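Taken straight from TrEMBL:
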DISULFID  102-129  disulfide bond
DISULFID  156-165  disulfide bond
DISULFID  176-193  disulfide bond
DISULFID  195-204  disulfide bond
DOMAIN    1-129  domain 'Laminin G'
DOMAIN    130-166  domain 'EGF-like'
DOMAIN    167-205  domain 'EGF-like'
DOMAIN    210-398  domain 'Laminin G'
């Protein structure tokens, strides 16, 4: 049983299940996502008849014969949950994600909840949302906000400038092109330009095409799998060619990597040795190490394939089976719920590999990757069509 209120594609939605079926009500109008409009929401049920009222416009679902009691024995969560595994798959339309915004004046069965630091049982990543123009962290980079007659103003630390302290003083006069991000370099009182996919050069003004992606540091590719909804997640497969002369690096990460509860399949190098890590649920990360010989950091091309058949994992290196292990004979979790996201070479700029992977891998990948294939697809992934930064054309010399 559950009762869930969520935001789906801009509409508020009430879903509840009393034990026999999931009932869905959706508001008629979209919410304002401008960050400064408060909405009033009333939602609930009487027996198995549900109602959802957004800003005075009511949607009601007439009751039909069935169960009429909500039997839940969990905590009451606001804005997110402690573990996404707690969310019933039918309680939301898309993948579960935490709410970003402000919530106030919650009343449950005529009892108002005190949304203070001390009253709730627990929580994480909550800031003050006082309703003034200053709001919550409107001033970036430790700027101090003051409420003014005309709105607000930010007092910025020495190395930051802009209306909301969003710009580094080292980037205030930057020459990075429109296909670049300016990355401040405080140590040298300067900056560098991070180029989006398909662009290169000091200021990212040179257009390129590539079929072999070369990762040069602070590089990553994030690919969204268009066929994710049709995949059989109990039988996953990832294969690619890579070459490097580095002994450490994250080659591929199949998974959303938004929080520590997300499933993933990861491939990388540790001390020159191939390392594959699988997490099918409940943060049980199983590292599989290949230590037969140290040939992966020799500057040659290597072909790796990882096959997940429920809890059985096979790893092929240069078409030789090097690892075969059942990571959970109990078969508690058998699907790789990777969210349709694949990272190659690292994560978004500013996210350090050793932190995101909780130490499983130490740094981003330096080298080249090509011929990436997901599952049993007949076509390779077109890495050029993904998103990412600082990828060079690796075709030269191949």
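In case you wondered, yes, glycine gets a Cβ from its N, Cα and C as well.
The structure, with features from TrEMBL marked on it.
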residue	record	Cβ contacts under 8 Å, 6 or more apart
156	disulfide bond	139, 141, 143, 162, 165
176	disulfide bond	182, 191, 193, 203, 204
195	disulfide bond	179, 180, 201, 204, 389, 390, 391
Excluding the flanking five residues on each side, which residues at least 6 beyond the ends of the domain 'EGF-like' (167-205) place their CB within less than 8 Å of a CB in that stretch? 158-161, 218, 221, 349, 383-384, 386-393
Counting every protein chain shown, other Cβ atoms within 10 Å of the Cβ of residue 129 (disulfide bond) number 13
Let me spell it out: for each of the disulfide-bonded residues (102, 204), count the other Cβ atoms within 10 Å of that residue's Cβ, using every protein chain shown. Which one has the most? 204
For the domain 'Laminin G' (1-129), the DSSP residue counts stand at 6 helix, 40 strand, 83 coil
